[in-house]
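Asks: After the structure tokens below, expect a handful of questions from me.
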Amino acid sequence: MAEVVEVHKDWSGSFPSGKKITVVFVIGGPGSGKGTQCAKIVSHFGFTHLSAGDLLREEVKSDTEQGTMIKNLMHEGKLVPSEIIVRLLLKAMLASGNDKFLIDGFPRNEENREAYEKIIKIEPEFVLLIDCSREEMERRILHRNQGRDDDNMETIRRRFEVFQQSTLPVIQHYEKMGKLRRVDGDRQPDMVFEDVKAVFAQLNTQANQGSNVSRAQTNPFKRWFLDLFCSCFDVADRRN
Ligand SMILES: Nc1ncnc2c1ncn2[C@@H]1O[C@H](COP(=O)(O)OP(=O)(O)O)[C@@H](O)[C@H]1O
Ligand SMILES: O=c1ccn([C@@H]2O[C@H](COP(=O)(O)OP(=O)(O)O)[C@@H](O)[C@H]2O)c(=O)[nH]1
């Protein structure tokens, strides 16, 4: 483990201070349609999509000891150490130059979440959960045909177990925080996206409302004008 940290020592970095970075986590069981919905979100809302699984699969291609370790864990349907995946995410975020990130398939357990909070430290705006029945997820994975080493019955079973045992506590954590947005993923992709779109539209509305308020509050002329307007027409000032 110490070796792993050493290898990635120079990956640390940080975002420019004062820059607002938006992060949304997309979670759901294996085959629930995370990647499919993320592609749609990217084209509608301009996020950078970072799939934790894809970052790990890229890492496997590098002919290193770490690549082999990741390959074996993925083949068994087990989770890769948090430190590795969090560093890969940070590296990809910094390299993208974007300020809006969809992090797909992460965090998968409480340890992942804590490592993210310790290293990247950007609280997600919300967590999108794609809820799908196990039978449907299984059917989709077996028809996925992407040549994935882990899309076989034995590994699929193990991935479902990991989802039940390790990811559910993460879901419960965000639910308690009021950050969970659940959509029914058992329907056709476009129907699922109708609900996903509504969730992301709220994000845009909040951002616009937030920026209007702060602009009005920091511009003395606007503030004076709004105060005058409110007093002339006896309108209660509900801006704060
Ligand atoms: N709503 C859906 N209905 C039917 N098939 C779907 C749906 N969403 C995704 N798929 C298909 O199911 C498979 C798994 O979807 P994917 O997006 O790769 O899931 P995940 O990223 O959650 O593992 C893919 O072959 C995809 O084309
Ligand atoms: O944060 C992560 C994300 C993925 N994985 C590994 O990558 C595999 C595939 O994950 P992916 O999200 O690509 O696919 P899914 O299982 O959701 O279909 C998992 O079973 C894990 O072995 C991991 O260890 N940590």
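Glycine too: its Cβ is placed from the backbone N, Cα and C atoms.
Caution: TrEMBL annotation is automatic and unverified by curators.
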Asks: Among ARG57, ARG139, ARG140, indicate the single residue that TrEMBL lists for the ribonucleoside 5'-phosphate site containing LYS78, LEU79, VAL80, GLY105, PHE106, PRO107, ARG108, ARG148, ARG159.
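Replies: So, going by the record in TrEMBL, that would be ARG57.
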Asks: May I ask you to find which of ARG87, ARG187 TrEMBL records for the ATP site already listed with GLY31, SER32, GLY33, LYS34, GLY35, THR36, ARG144?
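Replies: Given GLY31, SER32, GLY33, LYS34, GLY35, THR36, ARG144 bind ATP in TrEMBL, the matching entry from ARG87, ARG187 is ARG187.
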Asks: Which entry in the list of binding-site residues, GLY33, GLY35, has its Cβ near the fewest other Cβ atoms, using 10 Å as the limit?
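Replies: Counting other Cβ atoms within 10 Å of each of the binding-site residues GLY33, GLY35, the minimum falls on GLY35.
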Asks: Compute the C-alpha separation of GLY31 (ATP binding site) from ASN112 (CMP binding site), stating it in Å without decimals.
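Replies: Distance between the two Cα atoms comes out at 20 Å.
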Asks: Which has the fewest other CB atoms in a 10 Å radius around its CB: SER32, THR36, ASN112, the listed binding-site residues?
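Replies: Minimum Cβ neighbour count within 10 Å, taken over the binding-site residues SER32, THR36, ASN112, occurs at THR36.
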Asks: Measuring Cα to Cα, how many Å separate ARG187 (ATP binding site) from GLY105 (ribonucleoside 5'-phosphate binding site)?
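Replies: Just about 20 Å between their Cα atoms.
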Asks: Measure from the Cα of GLY35 (ATP binding site) to the Cα of every one of the binding-site residues ARG57, LEU79, GLY105, PRO107, ASN112, then give the nearest.
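Replies: With Cα distances computed to GLY35 (ATP binding site), the winner among ARG57, LEU79, GLY105, PRO107, ASN112 is GLY105.
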